[in-house]
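Lifted from TrEMBL, the feature list:
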{"type": "DOMAIN", "residues": "18-442", "note": "domain 'Major facilitator superfamily (MFS) profile'"}
{"type": "TRANSMEM", "residues": "12-29", "note": "transmembrane segment"}
{"type": "TRANSMEM", "residues": "97-118", "note": "transmembrane segment"}
{"type": "TRANSMEM", "residues": "124-145", "note": "transmembrane segment"}
{"type": "TRANSMEM", "residues": "157-179", "note": "transmembrane segment"}
{"type": "TRANSMEM", "residues": "185-207", "note": "transmembrane segment"}
{"type": "TRANSMEM", "residues": "244-268", "note": "transmembrane segment"}
{"type": "TRANSMEM", "residues": "288-311", "note": "transmembrane segment"}
{"type": "TRANSMEM", "residues": "323-344", "note": "transmembrane segment"}
{"type": "TRANSMEM", "residues": "350-371", "note": "transmembrane segment"}
{"type": "TRANSMEM", "residues": "383-404", "note": "transmembrane segment"}
{"type": "TRANSMEM", "residues": "416-437", "note": "transmembrane segment"}
Amino acid sequence: MAVIPCFYVPKRVNVAVMLFMICLINYMMRVNLSINIIAMVQERYENGTIIEKPDYGTRYEWSQQDQALLLGGYFYGYMITSLPGGTLAEMLGGRNVAGYSCLAGGVLTALTPLAASWDKYAVFAIRFLIGLFTGVVYPCCHNLVSKWSPPDEKGKFVASLMGGTFGTVITWPICGVIIENLGWVWAFYIVAMIVFVVVGLWFYLVADTPAQHTTIGIKEREFIESSLGATVGNKPKWPPYRQLVVSMPFWALTMLHYGSMWGLFFLLTATPKFLSEVLGFELSSAGFLSSLPHIARLLAAFGFGSIADWIRRKGWWTITFTRKIFCVPSHIMPGIMLIILAFFGRDPYVCVAIMTISLGFNGAATSSNLANSQDLAPNFAGTMYGIINCLGTTPGFFSPLIVAAFTSESNTIDDWFWIFIIGAAAYILPAIFFWIFGSGKIQKWNEVKTTEPSEDVVNTKL
């Protein structure tokens, strides 16, 4: 038996860190346009006079509708490949599918300034293709979590997927500083460079399963495999789509995920614009303040994930009850905060504080909608997440269109009232639906025989 040195770092920790990083670069490519576009557009007064802006590079005559189209372009492509992404991961391996897709996304990100010099539709095509390639990443990550995460570490493993949130946190302020010092084209080039570095580390450190990892210790591999028991199979299986379609717990999860994604994508695409154009913050300040809600979400995600793991180890609540209780901070509280914002958000700093609290509470999604696919069918967690994420991506292009519709004639805080109310409803109503129809039990169509009670957990420790 191999001797494990005293400084041995568990390979599942390396995998969790790289899951965090691959999600980080995924979001860097996703959200950089949200702030870059502010420096790329030539604005005019109502009489047609050009609004004087700092010289950050070439500016383009893109209307509000054009900008909404470009901001939504990523999500049109993302929705297409998110659907089969989980199945691709289960058949071909999550490591390669996620790694090569991010590599392609990095190349396309570097080509965005060239596309902008051609035409707005070239930019749309680039954004569409970036979304098309990277739509597989999160389903692949969920597939890897199902293979690498012991049950009582599930909350922290799922929280590692909040790397996307940290990607948002650093992208907006970094891009704001890059734009002000080097110009907006470098805000694309530097993001692409970061992507290439992370992808290289990903291929070096990650394997599809513990059994396929070349440097994992025997003790750790046996611990992971025994803790997962018979809930996860080793051979690829075709997903049970027919059973999924008629499964009410699956549709409850889909609704819950949709509500969470509406709130998240609304803030991803609209916050820099709202802070800069409505509240009047400078570009670099808008980038920093836009990141605050996502910092809160990231910290809360690990906090709520750790609490859920602790409750699970103690055996105090069933998994179903845990998922439903955590809907209160993940969905109900963010919805309430958006209602407060709609009625009382007049002071710029109060608006930022309310938005930060709202998305911060949504960090509890690591213990509600983001973890539930692992509960219902560990064998097909990637496929399930691909499906719900496909549907959950639609707010990425709906919300910019809604913002554009409500702000086409004027862009004041009053024009945003119904935008916030719609967001609140998108949070709260799915939570109610999940309370009625949601579940945390392993479903029969997981197709793997298990000797464990359906809501018990393995409590073995390394």
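Quick reminder: no glycine exception, Cβ is built from N, Cα and C everywhere.
Automated prediction, rather than curation, is the source of TrEMBL annotations.
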Long-range environment of the transmembrane segment (157-179) - Cβ separation under 8 angstroms, sequence gap at least 6: 16-17, 19-28, 30-32, 34-36, 39, 56, 138, 141-142, 145, 148-149, 186-187, 190-191, 268, 272, 283-288, 290-291, 294-295, 297-298, 301-302, 304-306, 363, 366-367, 370-371, 374
Any contact, the transmembrane segment (383-404) to the transmembrane segment (124-145), with at least 3 Cβ pairs under 8 A: yes
Cβ contacts under 8 Å made by the transmembrane segment (124-145) with residues that lie 6+ beyond its boundaries: 15, 19, 22-23, 26, 29-30, 33, 69-70, 73-82, 84-86, 88-90, 94-95, 97-98, 101-102, 104-105, 108-109, 111-112, 115, 154, 157-158, 161, 206, 208, 373-374, 381-386, 389-390, 393
Outside the transmembrane segment (244-268), six or more residues from its ends: residues with CB under 8 Å to it: 30-31, 34, 75, 168, 293-294, 327, 330-331, 334-335, 338, 355, 358-359, 362, 365, 368-370, 372-373, 376, 384, 387-389, 391-396, 399, 403, 419, 423, 426-431, 433-434, 436-439, 441, 443, 445
The transmembrane segment (12-29) versus listed stretches 97-118, 185-207, 288-311, 323-344, 350-371: most Cβ pairs under 8 Å: 185-207
